[in-house]
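Have a look at the structure below, then the notes.
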Amino acid sequence: MELTRRDFLKASAAAAAFAAAGAQALAPRLASAADDKGIKWGKAPCRYCGVGCCVLVGVKDGKIVATKGDPAGPVNKGLNCIKGYFLSKALYGKDRLTHPLIRKGNKMVKASWDEALNLIASKYKEAIAKNGPDSVAIYGSGQWTVFEGYTAVKLFKGGIGTNNVEPNARLCMASAVVGFMNTFGSDEPMGCYDDLDLGDTYILWGANMAEAHPVLFSRLIDNKLKNKKVKIIDIATRRTRTTQMADEYIPMHPQGDLAALNAIAHVILRDKLYDESFVKQHVTFKRGTENQPYGLKDKENPKEEPKPLTFDEYKQLMKQFTPEWAEKLSGIPAKKIEHLAQLYTDKSRKVNSLWTMGVNQHVRGVWVNNLIYNLHLLTGKICKPGENPLSLTGQPSACGTAREVGTFAHRLPADMVVMNEAHRKKTAEIWGVDPKKISPKVGLHTMEMYRAIDRGELKCLWIQCTNPFQSIPNLSRYRKAAQARKAFIVVSDIYPTRSTEVADVILPSASWVEKEGVFGNTERRTQHWFKMIEPPGEAKEDTWQLIELAKRLGHGNLFPYSQKNFHKEMWEEYRKFTIGTGKDLAPYETYFKVRGLRWPVKSNGQETRWRYTDADDPYVKKGEGVKFYKAPGNKATIWFRPYEPPAESPNSEYPFWYCTGRLLEHWHTATMTGRVPELKRAMPGATLEMHPEDAARLGIKNRDKVKVSSRRGSVVLTAEINGRGKPEKGNVFTTFFDETKLINDLCIDAFDPLSKEPDFKKCAVKVEKA
């Protein structure tokens, strides 16, 4: 079905409009590309972001012909965003990869699977024999299914003997992970999406939910329409579609969140607005290591050395962070900071904080996560229906696979880590390997992985289900290294990308319902789907590809599952890691019948909506109230985290702040959405949003071509003035989906010293007419 641009723009209005004016009517219209006659419908989670919308997939004659929101889905309640309605077209681009390809000279030549896999195995064997297991790596994705991520972890960490396993979630959720772990002792939220319906105060820290998480934002708006008390506060560096529906927009300087959050806590402490009983029972205090480097030097690996504090010592340290001090650094007026403190502490209000990449992609992203949790811990507004902090994720299984399965270079399944001998022993026991096989050495994190290619130290890299040679920062350095053939690079994907163009071997992958799978979303919801169609040509799922490599490397014994039931058998093995840990998963068949379950799943098969509370969590006994049972002493940690400047700031030569992010129509590097004609037509290329006064000063008019330059590179974009997004003065904004524009080449490859997550939100650029 073709849509006119006018129809499309109506359909892709802000998520607020979805909720307020007819998204339910929109869904059937977009799903009516085929008559229901002869269509077989199956359930699946959406393939795109971390919301985890439940969709119905219509199959006819071996092809997906329609998708629509699943009315039985508790996440989205029958609603999809515009990307979800066009899921049926995402798999049918004309340039779909269907056969293995091998580089011969400057050409990619069609090959058989045996030829391709044998070549990969020979390169890996050669590298391991000459340089050891740490000379090889795999780089995966928050789009991996649980099976794909688990297979990668087991093969590389339990077979090959290297922890050089990373997901692209290092670029988006690593700061959230460390924030959860060092505050609560366990990853992932205590709350859930029900809080979007039950609360009345929503404070958004740099999150454009209307475009990045539109279905969740529609739930906020639905709540707002039903309850006049609901307030949405949008704290950001640019006006967005989210701002249009917010009750208050509070502009903030880049890096200003550190100052503002500390000042809010200062007011709470100054005026004794904290919940003294909650703090005494459930909280401990620490001061972390300060003045850490920004990771701009190769192999820079600072360590956190926390020191305990008393509550009195913490209060004394916080006295310096007055609202007036914060106003100078954050741009938020002191009166607004006082106002925010009043909202957070108002006992008649149920307060929720929401954030995503604006907080995480930050050289002090872990600190900002900590500071948000501090406010909820000081006020006791946590682990209760309708009032919680909620870290929003960006990929369909950044939680369920990247985080829970342990695909980070330092992690094992179920929050275990490679540095811990007991964790390695438990993992080895489940896997049936010698504990000595699992290395205690932390592997290369994402930026170091690509730097190691440039240094000639990493000899082989397999990339699956992601597009790093478009998405990582400071791209020129790493693309040049790949193009110089400094490492043997394998890419498994469904379409040609900016990463396949530097590969030595390209493998065609099955995607989404072309295979059986499991994803885990933001709210701890684990969802299963069955294979519904065959992949095109010779495409194979990534799990099969990895197991075939394992066989050729002599590690086939790690995967003794039957061909018929390998998904179930692998699941039940993986599930052993979760039982008794507070992250309990259900037996495999349980997920066939439901639209997902939020862990920990109870012995009676019921899910847990709110963690750490005797009202819902099976690990908290009745009468215990709130209990942070994964943390030392059953107490969460409030961290002292001061303001520190960004790695790079504007100056006279590079006078603008440069920020990258998402937009409604496309997702990530548009590998999928770029093949959907309606989405491509609606947003064909990246633009540069500018403040009108900045543009006028430079003589730039709307739709002019402009050259944007940083110390690392430059790109030519079309200026967008007074468009859907409106940056504050001195700021420019663009999106990174456009494969013809290497947007992230301009970004600095500085990262958080604790999470190793790069900062895509702040670097200095200049803008001039092209």
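Cβ atoms are placed via backbone N, Cα and C, with glycine included.
According to TrEMBL, the protein carries these features:
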BINDING   Cys46, Cys49, Cys53, Cys81  [4Fe-4S] cluster binding site
BINDING   Lys83, Gln143, Asn168, Cys172, Met357, Gln361, Asn467, Ser492, Asp493, Lys515, Asp542, Asn744, Lys761  Mo-bis(molybdopterin guanine dinucleotide) binding site
BINDING   Phe736  substrate binding site
DOMAIN    39-95  domain '4Fe-4S Mo/W bis-MGD-type'
Original post:
What is the interatomic distance between the Cα atoms of Asn168 (Mo-bis(molybdopterin guanine dinucleotide) binding site) and Cys49 ([4Fe-4S] cluster binding site), given in whole Å?
Top reply: 13
**OP:** For Lys761 (Mo-bis(molybdopterin guanine dinucleotide) binding site), name the DSSP secondary structure in the helix/strand/coil scheme.
**Re:** coil
**OP:** For Cys53 ([4Fe-4S] cluster binding site), list the number of other Cβ atoms lying within 10 Å of its Cβ atom.
**Re:** 30
Subject >> Residue pair Cys46 ([4Fe-4S] cluster binding site), Lys83 (Mo-bis(molybdopterin guanine dinucleotide) binding site) - Cα distance, angstrom, rounded >> reply: 9
Original post:
If you draw a 10 Å sphere on the Cβ of Asp493 (Mo-bis(molybdopterin guanine dinucleotide) binding site), how many other Cβ atoms land inside?
Top reply: 23
**OP:** Determine, to the nearest whole angstrom, how far the Cα atom of Cys81 ([4Fe-4S] cluster binding site) is from the Cα atom of Asn467 (Mo-bis(molybdopterin guanine dinucleotide) binding site).
**Re:** 23
Original post:
With every protein chain in view, how many other Cβ atoms are within 10 Å of the Cβ of Cys49 ([4Fe-4S] cluster binding site)?
Top reply: 28
Subject >> Other CB atoms within 10 A, centred on Asp542 (Mo-bis(molybdopterin guanine dinucleotide) binding site) >> reply: 27
Subject >> Winner by Cβ contact number (other Cβ atoms within 10 Å) across the binding-site residues Asn168, Asn467 >> reply: Asn168
Original post:
Taking the center of the Cβ atoms of Cys46, Cys49, Cys53, Cys81 at the recorded [4Fe-4S] cluster site, which other residues in this chain have a Cβ no more than 8 Å from that point?
Top reply: Tyr48, Val51, Gly52, Val55, Asn76, Asn80, Lys83, Gly84, Pro214, Val215
Original post:
At the level of the C-alpha atoms, what whole-angstrom distance separates Lys83 (Mo-bis(molybdopterin guanine dinucleotide) binding site) and Cys49 ([4Fe-4S] cluster binding site)?
Top reply: 10
**OP:** Please work out the mean pLDDT for the residues of the domain '4Fe-4S Mo/W bis-MGD-type' (39-95).
**Re:** 97
Original post:
Expressed to the nearest Å, what is the distance separating Asp542 (Mo-bis(molybdopterin guanine dinucleotide) binding site) and Cys53 ([4Fe-4S] cluster binding site) at their Cα atoms?
Top reply: 23
**OP:** Determine the Cβ neighbour count for Cys81 ([4Fe-4S] cluster binding site): the number of other Cβ atoms within 10 Å of its Cβ.
**Re:** 31
Original post:
Could you give the maximum C-alpha to C-alpha distance in Å for the residues Lys83, Gln143, Asn168, Cys172, Met357, Gln361, Asn467, Ser492, Asp493, Lys515, Asp542, Asn744, Lys761 that bind Mo-bis(molybdopterin guanine dinucleotide) per the record?
Top reply: 35
**OP:** Indicate whether Asp542 (Mo-bis(molybdopterin guanine dinucleotide) binding site) is helix, strand or coil by DSSP.
**Re:** helix
Original post:
Any idea what the Cα distance is from Asp493 (Mo-bis(molybdopterin guanine dinucleotide) binding site) over to Cys53 ([4Fe-4S] cluster binding site), rounded to a whole Å?
Top reply: 23
Original post:
Where Cys53 ([4Fe-4S] cluster binding site) and Asn467 (Mo-bis(molybdopterin guanine dinucleotide) binding site) are concerned, what is their Cα separation in Å, rounded?
Top reply: 23
